[in-house]
Amino acid sequence: KHGSINCRLPPERGPCRGNITKYYYHNESRTCRTFSYGGCEGNSNNFRNRHYCMKYCARKRHGWLGTGWI
């Protein structure tokens, strides 16, 4: 599953009407930011918390930032 994560995709709410706070990796700032997820579909740049977002995107794509969790 984690091999298919694309950290370069923009956040995608999806067609459902939920309001779930999730995290996505923002490539330009190399940080994880929150967005409102509808609850279904969307894309793989979608994480339940900042820890997993940084784990799968910042370290994998850019190496450890050296500043701790952002």
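Placement of Cβ uses the backbone N, Cα and C atoms for every residue, glycine included.
According to Swiss-Prot, the protein has these features:
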- CYS7-CYS57: disulfide bond (DISULFID)
- 7-57: domain 'BPTI/Kunitz inhibitor' (DOMAIN)
- CYS16-CYS40: disulfide bond (DISULFID)
- CYS32-CYS53: disulfide bond (DISULFID)
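Annotation: CYS57 are the disulfide-bonded residues among CYS16, CYS40, CYS57 whose CA atoms are within 10 angstroms of the CA of CYS32 (disulfide bond). Neighbours of CYS7 (disulfide bond) among the disulfide-bonded residues CYS16, CYS40, CYS53, defined as a Cα within 10 Å of its Cα, are CYS53. Between the CA atoms of CYS57 (disulfide bond) and CYS40 (disulfide bond) there is a gap of 21 Å, rounded to the nearest whole number. If you measure from the Cα atom of CYS53 (disulfide bond) to that of CYS16 (disulfide bond), you get 22 Å. Sorting the disulfide-bonded residues CYS7, CYS16, CYS40, CYS57 by the number of other Cβ atoms within 10 Å puts CYS57 first.
If you average pLDDT over the domain 'BPTI/Kunitz inhibitor' (7-57) in this model, you get 97.
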